[in-house]
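Quick look at what Swiss-Prot lists:
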- D53, W199, D366, D367, R443, K476, W477, D478, M479, N480, C526, D548: substrate binding site (BINDING)
- D478: active site, nucleophile (ACT_SITE)
- D548: active site, proton donor (ACT_SITE)
Amino acid sequence: MSVAYNPQTKQFHLRAGKASYVMQLFRSGYLAHVYWGKAVRDVRGARAFPRLDRAFSPNPDPSDRTFSLDTLLQEYPAYGNTDFRAPAYQVQLENGSTVTDLRYKTHRIYKGKPRLNGLPATYVEHEQEAETLEIVLGDALIGLEVTLQYTAYEKWNVITRSARFENKGGERLKLLRALSMSVDFPTADYDWIHLPGAWGRERWIERRPLVTGVQAAESRRGASSHQQNPFIALVAKNADEHQGEVYGFSFVYSGNFLAQIEVDQFGTARVSMGINPFDFTWLLQPGESFQTPEVVMVYSDQGLNGMSQTYHELYRTRLARGAFRDRERPILINNWEATYFDFNEEKIVNIARTAAELGIELVVLDDGWFGERDDDRRSLGDWIVNRRKLPNGLDGLAKQVNELGLQFGLWVEPEMVSPNSELYRKHPDWCLHVPNRPRSEGRNQLVLDYSREDVCDYIIETISNVLASAPITYVKWDMNRHMTEIGSSALPPERQRETAHRYMLGLYRVMDEITSRFPHILFESCSGGGGRFDPGMLYYMPQTWTSDNTDAVSRLKIQYGTSLVYPISAMGAHVSAVPNHQVGRVASLKTRGHVAMSGNFGYELDITKLTETEKQMMKQQVAFYKDVRRLVQFGTFYRLLSPFEGNEAAWMFVSADRSEALVAYFRVLAEANAPLSYLRLKGLDSNQDYEIEGLGVYGGDELMYAGVALPYRSSDFISMMWRLKAVQQ
């Protein structure tokens, strides 16, 4: 790792892990992109294109018709002065103009990585772990300065980027577009990957070739959303899971985002990422500044799996924080699919008794414990215990659960309010709304206005009081609708389009305060399942409920796609009842267990109604998972067979010292007279022998290069899980 500046060539060379990222000051201070890829000693211009006089590409210097910003590979481009591609930023002046011209002013290089004020971001524990470059660009005419921040990590092929706008002039500026990064590739000979989905089928992998024009993944929902995820990748045509070049872009933010690739007339590709400029503006008074969120860029020459492993380790160790970052996560039982709203203290205690018998460690009480919450039509915001259901309160219930040797956890949804609630009747102006318009509801609820400091203060104190009222060690933080009528009664008209981003800043403040007050509590984020599974949430809460769809077969694609970016320690995965409540499928308890044991393991069904056979199998599942939990949650993850490409799925976990591994294989549908097949493993020590429980002892090289035969079985939804241990030689 190093960041170097060569004053003779005016080149910046960032070395991150085994990758190089090179920029150069060009002409009169324009910042050009030169190279990003496998580490090189130096870049002397072997790949530099000749400068040509291109028709309809204007020239900022009329005396040189071979220079146009329209053809320059850039780092943070503007619009309006000869570049017709999508800009990284756009600023409106008081005279209505949106033309700006940023040129190099200065730079500084220093050890470590600064935190972003009020925003989640990756971090370092020691300044030797990374080096940061700040390049200051300025528009002297209007007094605008933009500081581009690049951090290169020593351990990983990781460059993080963000931008800070400062108004050092005398007039008010309005940001219309303020993306976190942009980078131009000299060729568009790539595929691109994004993770589209919907409620119940989040983060499916979609790969397609780049084409001329704009292709994008974005959210305008006020959240990162089920429908898209703040991640894209450029993938070399020949790249697959284990070989080839991949460029990953992941946005550390939980609100509206834009991840865009534009292929221009000359076959170059511009990748841009940041806050979605749709319905966004931000006023910058003289002396004020605006900080964009962070983008984490990963280069891999080891295919998609190489990219994923970098994201996994970085996000697990340098994005997630707190006591649970490195701690094994408990096996839980959640009552939601067992009872929905229809429960009382006796039902929950009975579930806890059975859970203790099975070896489960944590009982989570889901929605319905507060106010008059007998359905989803009332009481959100009234965070007072329903004594009819829980006559001894949360404290009394939690103590009964604790006496059984179990921890107690709780569901909350602090960002929402029901119109039929005491909170709404008292403060109808506390929700997002615009004057004289009806307030649209989703799941019979409205969104609290977290852009307001008084609302955030109220939520911090109210939820803190709840969490302090009982021995609670786990919280599931839910959010069950997206934003409409986005406006705030606390902001003036000219700042209304700041509301969505101010909401996110308020949410991050609330989460930071509450998680800091209760460091002993494991927080799991949720948004109708995986509707806000993003890096921003992981900064405050180290795990996320992956999807409300608990069907084992559906989860193969959901968890496989999620693993493209997010570590296994972040994925909540539960065994639920059959027929499954979301899709009606009936899969065996064995298969449901194997899928759920591929994440943070738990159960979500009425365990008081189990047969003795089911109880015995669950006891075995719980005991087995406890034995492999650290390997699953913190081991190196390899994807082996994609459920998006066929009828099978497989993945494996390998310990850091390669002495132990766990392999999971799944086949969805049976086939008559099916061919025999084998599975090639990954990540083992080629010089080491491994014992596969029940199969024998084999060399790591044989298992990786020749593979292991898959048993022949004739039924739908089958699964196998093999544990490998190195044989002492």
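Each Cβ is built from the backbone N, Cα and C atoms, and glycine gets one as well.
Each of the binding-site residues M479, C526 was scored by how many other Cβ atoms lie within 10 Å of its Cβ, and the smallest score goes to M479. Classification of W477 (substrate binding site) by DSSP places it within a strand. Among the record's substrate binders, D53, W199, D366, D367, R443, K476, W477, D478, M479, N480, C526, D548, no two C-alpha atoms are more than 65 Å apart, and one pair sits at exactly that spread. Of the listed recorded positions D53, D366, D478, D548, the Cβ environment within 10 Å is emptiest of other Cβ atoms at D53. If you measure from the Cα atom of the residue listed as 'active site, nucleophile' to that of D366 (substrate binding site), you get 10 Å. Packing around R443 (substrate binding site) is summarised by its Cβ count: 13 other Cβ atoms lie within 10 angstroms of its Cβ, all protein chains included.
In the three-state DSSP scheme, D366 (substrate binding site) falls into the coil class. Secondary structure at D53 (substrate binding site), taken from DSSP and collapsed to helix, strand or coil, is coil.
In this structure, the CA atom of D366 (substrate binding site) is 13 Å away from the CA atom of D548 (active site, proton donor). Rounded to a whole number, the distance between the Cα atoms of the residue listed as 'active site, proton donor' and R443 (substrate binding site) is 15 Å. Non-local contacts of W477 (substrate binding site) by the CB criterion (under 8 A, 6+ apart in sequence, same chain) comprise V412, E413, P414, M511, F523, E524, S525, C526, M541. DSSP classifies D548 (active site, proton donor) as coil under the three-state reduction.
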